[in-house]
Amino acid sequence: MSISYNVFDIAVNPTYYSFEKLKLIVEKAKELKILPLFIGLDMETNIQVIHLSKMQQTLCYCGIHPTHINTLYKENNIWNILDIVQADLKQLFVENSEYIIAIGECGLDYYRNQLKIEQQRIFKMQLELSYLNIPYFLHMRNAFDDFYNIIKNYTNVTGVIHSFDGTVDQALALINLGFYIGINGCSLKNNIDLVKNIPIDKILVETDSPFCLIRKSYAGAEYGKVLKVKENEPVYILNLIEIISNIKQMPIQQLIHQFKLNTIKCFPQLKKFQ
């Protein structure tokens, strides 16, 4: 995997595609020097994305997504298995360190899942693995206050808050803690203020394929081409970067170069693709 890439799509959900479709979209992306990075969502999909990363010659993240915590427990037994799940995650990282570049996707989601206490416990359990010196691929939706109050206590945790749809002030507060902000089509749904106002050296770009296309009704749509496709895929990250360049009034190639540097700083294992 020593090929050089120009763009890293930091968020691709491979388990939502058939194997044949995944193979096709990865090949298309790599032809354009785009490397898709795969997301694990729970213990089952973590195993799958490691396997798919090996098959597709890419890298991945492994963790427990806040909306997938129901896969960990029946009734109220979650408190009895946190140590077991933490140990299982650690074993995954140790045994597959060549392919796993971050812990995640993990975080808090109060939009789709109201099990707030359970989410917080599972989030903290994963943050306690920071002694492994692995970056984090983080999720935060409708949960800024609790997310911030938890994450600020883990001063050795680094990484990106992906698919960011919060406010400019929230983004800047997280940037001040040392985090990067992941931008995709959903970040441009209601307004362009976020993209317009956060520094380019703190932005990572993503498609969150097959989700988060920029739709005609989105605020960001007037700054570029709206793709007439049903599903997102990694090659469309170039469309996202073009829209960001129009919003920020900066050359596309300058942004591509900066976003590549940012991603490598966030995930040092990507240095092999410089």
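Even glycines carry a Cβ here, placed using N, Cα and C.
As written in Swiss-Prot, here are the features:
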type	residues	note
BINDING	Glu105, His139, His162	divalent metal cation 2 binding site
BINDING	Glu105, Asp208	divalent metal cation 1 binding site
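This view paints the features noted in Swiss-Prot onto the structure.
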residue : record                               : DSSP class
Glu105  : divalent metal cation 2 binding site : strand
His139  : divalent metal cation 2 binding site : strand
His162  : divalent metal cation 2 binding site : coil
Asp208  : divalent metal cation 1 binding site : coil
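Fewest Cβ neighbours within 10 Å among the binding-site residues Glu105, Asp208: this applies to Asp208. Rounded to the nearest whole angstrom, the C-alpha distance between Asp208 (divalent metal cation 1 binding site) and His162 (divalent metal cation 2 binding site) is 9. Around the Cβ of His162 (divalent metal cation 2 binding site), the same chain contributes Ile10, Ala11, Glu105, Phe137, Leu138, His139, Gly182, Asn184, Leu204, Glu206, Asp208, each under 8 angstroms and 6 or more positions distant in sequence.
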